[in-house]
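Novice: Relevant sequence annotations retrieved from Swiss-Prot are reproduced here:
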- PRO2: active site, schiff-base intermediate with DNA (ACT_SITE)
- GLU3: active site, proton donor (ACT_SITE)
- LYS57: active site, proton donor (ACT_SITE)
- HIS90, ARG109, LYS150: DNA binding site (BINDING)
- 235-269: zinc finger (ZN_FING)
- ARG259: active site, proton donor (ACT_SITE)
Amino acid sequence: MPELPEVETALRGISPYLKNFTIEKVVVRKPKLRWAVSEELITLKNVKIVDLTRRAKYLIIHTEKGYIIGHLGMSGSVRIVPQDSAIDKHDHIDIVVNNGKLLRYNDPRRFGAWLWTENLDDFHLFLKLGPEPLSDEFNAEYLFKKSRQKSTALKTFLMDNAVVVGVGNIYANESLFICGIHPLKLAKNLTRNQCFSLVNTIKDVLRKAIIQGGTTLKDFLQPDGRPGYFAQELLVYGNKDKPCPKCGGKIESLIIGQRNSFFCPKCQKRG
């Protein structure tokens, strides 16, 4: 699943080809995604794009009339291609702009979404989202206060978008390992020092992943078709039974919240 670094990579890749250009039309081949493609998007024509931003794992295309909200789902990707490019089986949406290019959305599992809103402040999917992990709002004191009375496994807590957005499975695993904290530790038992370490590590891991163009494990490609290279730097994620890069012991895995979790039992003691 594309996580925050992958979505940020996509945003940076597509922005130069879309910002300040005009949407000529939107071609929708498969309107039934996770949610049906918004009718306003299907009929959108001759509208200027004024900006592109990101909120959590959502791409936001700002136009003169409203906002296109895109989510890549489990296997989606976006890329910029010439308007005469051949269409692949899973190319479901084209946003055609007046520079000879188009934004093409590909999604084999069709679990993404492309929606429309005229008011971001009232957009229902954004109302309960926590702070951005790279923002000043996400800090040690915030995490400490948010974790009090939370008898939840720490990894599950960090992946809760109401706590902080965009810390997905890969980056939660990596951050906890670097900090030496067991993924099953109860959130309420975090110390202030651990919160300080976790916040700084999460920010550092995400920034490094963005620089590397995200993590390619299966479906994700950058907008230019290249893979993300952060997978080459993963310390524990996907490395079950391999030696721990810190102590040489064996990396173990377990299921937490229906997601695979990877950790070193020697370096990440539960408590």
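One-based numbering along the chain as shown.
Keep in mind that glycine also has a Cβ here, set from the backbone N, Cα and C atoms.
Show me how these features fit into the structure around them.
Specialist: According to its DSSP assignment, PRO2 (active site, schiff-base intermediate with DNA) is coil.
With a 10 A radius on its CB, GLU3 (active site, proton donor) counts 22 other CB atoms from all the protein chains.
Here LYS57 (active site, proton donor) comes close to PRO2, GLU3, LEU4, VAL7, HIS71, LEU72, VAL165, GLY166, GLY168: these same-chain residues lie at least six apart in sequence, with C-beta atoms under 8 angstroms from its C-beta.
Same-chain residues at least 6 positions away in sequence with a Cβ under 8 Å from that of ARG109 (DNA binding site) are, in sequence order, GLY73, MET74, SER75, GLY76.
Per-residue pLDDT, averaged over the zinc finger (235-269), rounds to 96.
The Cβ neighbour count for ARG259 (active site, proton donor), using a 10 Å radius over every protein chain in view, is 17. According to DSSP, ARG259 (active site, proton donor) is assigned to a strand segment.
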Novice: For the zinc finger (235-269), give me same-chain residues lying six or more residues beyond its boundaries with a C-beta closer than 8 angstroms to one of its C-beta atoms, as numbers and ranges.
Specialist: 153, 155-156, 159, 169-170, 173-174, 176-178, 180-184, 217
Novice: Work out, from DSSP, the number of helix, strand and coil residues along the zinc finger (235-269).
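Specialist: In the zinc finger (235-269), the DSSP-based counts are 0 helix, 12 strand, 23 coil.
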Novice: Under a criterion of Cβ-Cβ distance under 8 Å and sequence separation of at least 6, what residues of the same chain contact HIS90 (DNA binding site)?
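Specialist: Non-local contacts for HIS90 (DNA binding site): ASN106, ASP107, PRO108, ARG110.
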